Structures are given as C-alpha cells and as structure tokens.
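Colleague: Structure below; questions to follow.
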Amino acid sequence: MAIKKMTDLNLAGKRVLIREDLNVPVKDGKVSSDARIRASLPTIKAAKDAGAKVMLMSHLGRPEEGVYDEASSMKPVAEHLGTLLGQEVRLIKDYLDGVEVADGEVVLFENVRFNKGEKKDNEELARQYAALCDIYVMDAFGTAHRAQASTHGVARFAPEACAGPLLAAELEALGKALDNPAKPVVAIVGGSKVSTKLDVLNALEKVCDQIIVGGGIANTFLAAAGHPVGKSLCEHDLIDTAKDIASRVEIPLPVDVVVASEFAETATATTKNISDVSDDDMILDVGPETAGQFAELLKNAKTILWNGPVGVFEFDQFGNGTKALAQAIAESDAFSLAGGGDTVAAVDKYGVADKISYISTGGGAFLEFVEGKTLPAVAVLEERGD
C-alpha cells in the first residue's frame with residue numbers, strides 16, 4: 001500500500017501537525033548536539049514555505065509521564081530551532097484544547113511525554129492530537145517502532161496522515177538495501193552480543209552474500225569455529241547458534257586480531273595471529289591483515305549495510321579495524337546504508353558521513369526494520385494511504 005507523502009499535498013493555509021524526533025541532548029539549558037534538529041529542518045521549512053500553520057511535536061528524555069518537568073522541557077529546542085530558522089518558534093505548553101497559529105508560523109508543542117497516556121497510545125489523547133490538525137505528518141523514523149499516541153494513534157484519527165520527507169527518504173533507502181538490493185550484498189554486524197543481534201543476523205542471511213561480524217559477536221563465531229578467544233567477551237551458550245548461522249551464510253572470520261590484557265583506554269594493544277591468542281588475552285579489534293581482507297570484500301560489493309563497529313573504536317588503539325572499514329565503504333561505489341548509534345558515532349569520528357549513501361536516523365527502529373518487523377507508525381500510514 002502506498003503511503004501518502006507530505007511533498008504531494010497542498011499545505012497552504014492548512015493546520016499541519018508534524019511529529020519530529022527532536023530528542024536531543026541538553027546541557028545547562030542549551031542544546032549540546034543538534035543533529036536531529038538539523039535533520040528535521042528541510043521538512044519544517046517545506047511546510048512553512050508552503051504557507052502551512054506548522055505545529056511540531058516531539059518527546060525529550062524520559063520524564064515521568066503526565067507530569068511537567070522543567071528539566072525535560074522543549075524550551076531549549078524551541079530557542080535553538082528559532083535560531084536555525086531565523087524566526088521565533090513559540091513553545092506552547094497547553095495545546096490539547098486547540099491553538100491559534102498563523103500561516104507560515106512555526107510553533108513547538110511542549111514534550112508529548114508530559115501528556116498522560118502518550119506512551120500507551122491512549123485513544124482519547126490521540127483524538128485530541130488529531131483534532132488540532134488538518135494534516136498529520138509522521139517524520140520521526142527513530143520512534144516509528146513505538147506505537148504511541150503521537151506516532152501512531154494520532155495517524156488513525158487525523159483528517160489526513162502522511163510521511164514527511166525524512167521518514168520517506170529513510171524508508172526508500174532501507175527498501176533499496178533490503179527489498180531488491182544490487183548484488184553482491186555485504187553486511188557488517190558489530191556489537192557486543194550475538195543475542196541482541198540474532199534476529200538481525202537471521203534476517204540478513206536471506207539477502208547477504210557475506211556477513212562480516214565484529215566486536216563481541218565475532219568472538220562467539222571465532223569460538224564456534226574452534227579458535228581460542230582467551231578472556232574476550234564471548235557467549236559460549238550461543239556457540240551452536242553461531243555454527244548454525246555460519247552454515248547458512250558466508251561469515252569471513254578474522255585471521256589476526258588486536259588484543260590487550262585489560263579493557264581500558266590505557267591498555268597496550270598487541271597484534272596476534274588468531275591461533276596465538278592466549279588465555280589472558282582480550283580481543284578488542286580485528287588485525288591489519290583481516291581489515292585488508294574485509295576492505296577487499298567491501299570493494300567488490302554493490303550493496304553494503306553497516307550496523308556496528310568491529311572493535312572498541314572509542315579507544316584509538318582499538319579503532320583501526322573500524323576505521324579501515326569506514327574508509328573502504330567511503331571509497332566504494334556500492335549503495336551503502338549505515339545505522340545505529342555506535343555506527344553513526346564511528347562515521348562521524350572517521351569523517352566519512354558525506355561518502356555514505358544513507359545514514360539512518362533510527363536506532364531501534366532501524367534494527368526492527370532490518371529484522372523484518374512491522375513498524376506501527378509506518379503500518380498506520382499505509383492503512384491511511386488509500
């Protein structure tokens with residue numbers, strides 16, 4: 001079913017309610033990282049320039065639901081957004097009974113989590129949101145996996161419900177990487193535990209030619225292949241599961257690794273052949289030979305899906321593997337999609353953001369989409385798309 005797009009609708013003079021993900025870090029009353037606000041700017045500007053009465057809603061932090069808490073107020077976001085837009089953005093605290101907004105004006109509603117019933121997708125609250133608008137725009141992919149009143153319920157009852165440009169672009173990029181990808185497809189799945197990425201691995205094996213595993217996940221696959229992993233993070237109870245996955249899809253394993261005797265920023269890094277790992281070693285990165293082999297695989301790929309680093313890149317001496325892969329992806333002609341908090345941090349650290357085809361804004365939503373799960377906020381837009 002086709003989802004309506006905001007860009008296809010006439011917004012002039014309409015009350016347009018946009019759910020954005022403006023959940024940004026705030027320090028001393030100021031926004032300390034505005035990536036999410038900047039990501040939402042094109043949507044907000046498009047609605048404003050079309051002459052809509054623009055109303056924005058988002059959550060911020062994890063306040064107790066139904067209780068106003070100044071520490072989780074959207075006030076710093078309204079101020080920062082006003083600076084970026086070059087016009088005042090009014091913060092409206094009490095809006096559920098209706099608000100007056102001028103054509104071309106942008107207002108921001110106070111934190112949706114201050115409303116009782118938001119997280120439980122309360123129907124009465126959803127209907128109150130819906131009554132505020134002529135058109136509801138869902139543009140927050142990062143919250144699309146949660147059925148809440150501001151992401152799901154409101155879309156059921158609004159006169160018209162559609163996807164904003166940010167959400168539409170996200171779904172298009174994910175579809176391109178997963179539905180009918182150009183082959184060969186190589187995925188990088190990093191992270192500390194196989195258990196948290198099991199559904200991802202099971203879903204990816206159906207579309208991938210190879211899956212490069214990294215971090216603690218790789219240690220479990222190394223142990224499953226009979227290699228020593230010393231005192232590395234490893235899920236020994238999932239060794240049979242790892243063997244099972246490796247029997248169904250090609251999982252290239254490290255031939256050399258970077259080890260240390262402790263997990264610390266000051267730890268000394270030593271490169272070893274995989275067969276030389278001792279009982280006292282912790283594997284904290286892939287070695288240079290492995291990084292080169294993985295880079296070669298990425299060079300030949302037509303589609304690359306990246307979720308998770310292959311080493312403890314936060315410590316520079318264990319970041320070379322992730323850096324080498326980031327650079328290989330940047331130099332590749334493949335369609336590349338990166339997603340997940342740690343991955344985005346690595347993309348930023350190694351300065352390759354402009355060389356990746358698409359960087360997903362969603363953490364949990366990105367993973368659930370890759371796993372093939374239905375995202376409630378997307379499903380309701382499909383239902384309303386007819």
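The backbone N, Cα and C atoms fix where each Cβ goes, and this holds for glycine too.
Below are the features listed in Swiss-Prot for this protein:
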- Asp21, Leu22, Asn23, Arg36, His59, Leu60, Gly61, Arg62, Arg113, Arg146: substrate binding site (BINDING)
- Lys197, Glu314, Gly340, Gly341, Asp342, Thr343: ATP binding site (BINDING)
Colleague: Inside 10 Å of the Cβ of Arg113 (substrate binding site), count up the other Cβ atoms and send me the figure.
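Modeller: Excluding its own Cβ, the number within 10 Å is 23.
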Colleague: Distance between Gly61 (substrate binding site) and Lys197 (ATP binding site) at the Cα atoms, whole Å?
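Modeller: A Cα-Cα distance of 25 Å.
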Colleague: Please give the maximum pairwise Cα distance, in Å and rounded to a whole number, for the ATP-binding set Lys197, Glu314, Gly340, Gly341, Asp342, Thr343.
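Modeller: Looking at Lys197, Glu314, Gly340, Gly341, Asp342, Thr343 as a set, their Cα atoms extend up to 21 Å apart.
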Colleague: Is it possible to get the count of other C-beta atoms within 10 angstroms of the C-beta of Thr343 (ATP binding site)?
Modeller: 25
Colleague: Work out how many Å separate Gly341 (ATP binding site) and Arg113 (substrate binding site) at their Cα atoms, rounded off.
Modeller: 23
Colleague: Within its own chain, what residues at least 6 apart in sequence put their Cβ under 8 Å from the Cβ of Glu314 (ATP binding site), listed in sequence order?
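Modeller: Correct list: empty, so none.
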Colleague: In DSSP terms, helix, strand or coil for Gly61 (substrate binding site)?
Modeller: coil
Colleague: Checking the contact step here: among the binding-site residues Lys197, Gly340, Asp342, Thr343, which have a Cα within 10 Å of the Cα of His59 (substrate binding site)?
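Modeller: Qualifying among Lys197, Gly340, Asp342, Thr343: none.
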Colleague: Say you check the Cα of Arg113 (substrate binding site) against those of the binding-site residues Lys197, Gly340, Asp342, Thr343; which is nearest?
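Modeller: Of all the candidates listed, Gly340 is nearest in space.
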Colleague: Measuring CA to CA, name the entry from the binding-site residues Lys197, Gly340, Asp342, Thr343 that ends up nearest Asp21 (substrate binding site).
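Modeller: Given the candidates Lys197, Gly340, Asp342, Thr343, the nearest one is Gly340.
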Colleague: Could you check the binding-site residues Gly61, Gly340, Gly341 and say which one's CB has the most other CB atoms within 10 Å?
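Modeller: The residue with the densest Cβ neighbourhood is Gly340.
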